[in-house]
């Protein structure tokens, strides 16, 4: 018998015993748990969201800086737009290479130290971009593991909305970025406007990172923000549904299992399409809006409404997704919403009202798709080590889409950008298909386990120490 078969046999024998079926009776009341969740929301969500807001401002300000003279000042005018494409995509190379090892290693450090230092480093890099005088000076990277961190404190029924609030601030950053860029556009100083933009948006990130070092709580079993009763409730919630490699440990077998899991690669396909759209939106939305006939300053301002609508659309869909405990159908339909936006840009060349409406579809569909995918796989991987490996795996695949998206809109193809719109549109339909395949696969696997092992007791602790999400009593969120 192979080692893998022995692992499966051992866990299935445990699943057949009566003890594996007994749900843990909570030693606390629902009101006590609600108070703890409110305390977590007040402590974690503001700092995490604000940190992401400024980090994303720093990430997306290149699109605004393009209209404020950056190509002319340091890229020798860049008449073809190719150099700007490489500047925009340079961020993603280190993101792709470092995401998996960085997130796995993050399990060995206090989360507040890891995330705080990441934010400080990114803010410093953003500010230093204002000193750039050539092509090479604009390279930087950033990639904290917020989804993994959130899963330490929140249950699968709560993750969707928390991820929506957190990632929604990326859309808010797009809106604020347009407003800030509009204001900076009218500053008449001896320093170039795009340099002022980098400084204004980079310095707060450093300050937020320092604040994170002091405010953000560590793991439930380590943090000083809990009293003993609250710690007991938090640990009970952390063990609800799974009990595996918690703490500062790494399960090497789960790392290997993640690389062998085809569903993570399917998630990468979805994330590839979403990030191709996201990267192009972040860098080129102001430029695309100028093709509607607006001035540079007004184009900066007109980027605000699509992002504002996207934040609301993301939260509404995530709320319903949490209530139904279903992710795949939502990913599929919002992917189609984004695809429809690209179809409108391709087929309606002259009606600027329709084309502007199309940007709302694209931004809303793309941001919602990413938010729900992150919430989906924050639970479905079974153990902390597999999440620490699997989440950055599909994100790394997705960032390859970001590199592609950064090169789909060269200046020479404006104002129609047919190739860019067509490729990104096709990828949204592929993402929708991958979401349907995944949700059907999860539902079939859940039914197979129900037939073979019986339905698990709701909220019972499932031992995923050996098999992670392959444990017989583990059930996927479809």
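In case you wondered, yes, glycine gets a Cβ from its N, Cα and C as well.
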Transmembrane segment per TrEMBL - which of 238-261, 262-285: 262-285
Paired segments the transmembrane segment (262-285) and the transmembrane segment (113-129) in contact, 3+ CB pairs under 8 A: no
Interface-richest range of 40-57, 86-106, 164-184, 196-216, 330-350 toward the transmembrane segment (113-129), CB pairs under 8 Å: 196-216
The transmembrane segment (356-379) vs the transmembrane segment (164-184): 3 or more CB pairs under 8 Å: yes
Contact ranking winner - 164-184, 196-216, 391-409 against the transmembrane segment (297-318), Cβ under 8 Å: 164-184
Range from 164-184, 196-216, 391-409, 421-442 with most C-beta pairs under 8 A to the transmembrane segment (86-106): 391-409
